[in-house]
Each structure stands twice: as C-alpha cells, then as structure tokens.
C-alpha cells in the first residue's frame, strides 16, 4: 500500500527549485530555523518524485562509517552492511542529512565527491567506487542560528550545493498549515498563529529558541483532542521553550492574551 503524500504548504518556489535541481543532478542545501518545515519538505518531495528516502539525524558522534557502512561479525562470519548514504546511492534515492554541521568532519570528506560533477561514493573498506544513478539526490540541512566558529559549513562545502532558505511562514500560510496538519478549526489556527508571532518577538530578549510551526501544530492537535487550550499551550509551547519558571510564567501571560 502506498504511503499517503505528506501535507506540505509551499511558501515560495522551493518545489520547482528542488525538482529542477534533481533533474540536473544537483545537491540541495536547506537552511532555516528549527521546526520551520525543512524535514517535511524533503518527505513531501521524496513522495512527489516517487523516490526512496533515507533520512539521517546528524549528531556529534556520527562519522563517515555510520553513513557509508561497516563490516559486521556474526555466527556466519563477517559481512558488509551498507549505511544509509550507500543504500540511497545504490537505489537511486534521496539521502537527507539533517543538521549536517552536527556530524564529525570526516562525513564532509565522504560526501564531497557526491556533491560535485563526479557524483561518486568511495567505499574505502570494500574498495568499491559507486557511481550515483541519475535519480540519486543528496540533500543536507542546517540551522544558521546555531553557527559558530567550531561548527559550520565551510565555503568549499556550501558552494557545492543549490541552497534554499526556509523561515517561518506568513500568518495566512501558517494558519493553513495548522489546519492541514491538525484538522483544527480555522479560528483556532489563527489565534495560535498570532500567539506564535507574539512569542517569536521575544527571541532577542529571553528565549534561545522561538515558537516553531511544529510546536504550534502540537498545541493545535492537543486542543483538538479536547485538552484545555491553556494547558495545551503550556505543555506544547511554554515548557519546551524554557526551563526557567519565571520565563514560563511570562510566556503563559502571553498565552492568556491570545488563546485562553
């Protein structure tokens, strides 16, 4: 049974750019804040293009071997197991490296030959050199807000990609996303969007992160399930945004102005 196409509300020309990049064998870089729809966009495009998707959530301990594969030992001896990047190349699918700057530096070395005209993947441990088929696509993402001197994409890496900038949607679009993702009433969606915009204005004051579209969707789903709106906004918005009780209380004052 085919999986349903994920809901996605386009905010610009990102679908057209992605499709053109795929047709020409160009890798794509997605940059934008947490919870603004980067991962959902890749899921949507994989289904739209009818391609297998291999998603990897990058972290500090993720190295090239985790992407390429490794030899395993079992009762029947030693065998090679492909990693997600290798499987995507073999199958001609999409490999999505989410928050790629979090991974170790050797991962960058591994993807460079795939992100230029060579479109090759070298498996040093098996001696194979895989030529990516035309349908293969490499997609990476990162949050520019987390950039620092120790963790960031080098210019030599960024310039191998077509880049798409994502941000939180305009109010009307974000309301449609909330309705589409949660099934909530349009009036509730509009109030939650207004709340989200009010919370985002606090970014430069008390919060390290702002209220993402993802968190607004969580709140809409909980309210739609019958939870008290104020409590839903507390657990889905205020508490995830801060551990400081005074800050949470201040956020709840803003919630009371928009939802309760």
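Note that Cβ sites are derived from N, Cα and C of the backbone, with glycine treated the same way.
These figures come from a predicted structure and were not determined experimentally.
Among the features that Swiss-Prot reports, DNA-binding region is placed at 234-253, with the record citing sequence analysis. Per Swiss-Prot, ATP binding site is recorded for 32-39, 92-99.
Everything Swiss-Prot records as a feature, shown here on the structure.
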residue: 32; record: ATP binding site; Cβ within 10 Å: 19
residue: 34; record: ATP binding site; Cβ within 10 Å: 15
residue: 36; record: ATP binding site; Cβ within 10 Å: 22
residue: 38; record: ATP binding site; Cβ within 10 Å: 23
residue: 92; record: ATP binding site; Cβ within 10 Å: 14
residue: 94; record: ATP binding site; Cβ within 10 Å: 24
residue: 96; record: ATP binding site; Cβ within 10 Å: 27
residue: 98; record: ATP binding site; Cβ within 10 Å: 20
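Secondary structure at residue 32 (ATP binding site), taken from DSSP and collapsed to helix, strand or coil, is coil. DSSP gives residue 38 (ATP binding site) a helix state. Look at the DNA-binding region (234-253): DSSP puts its residues at 17 helix, 0 strand, 3 coil.
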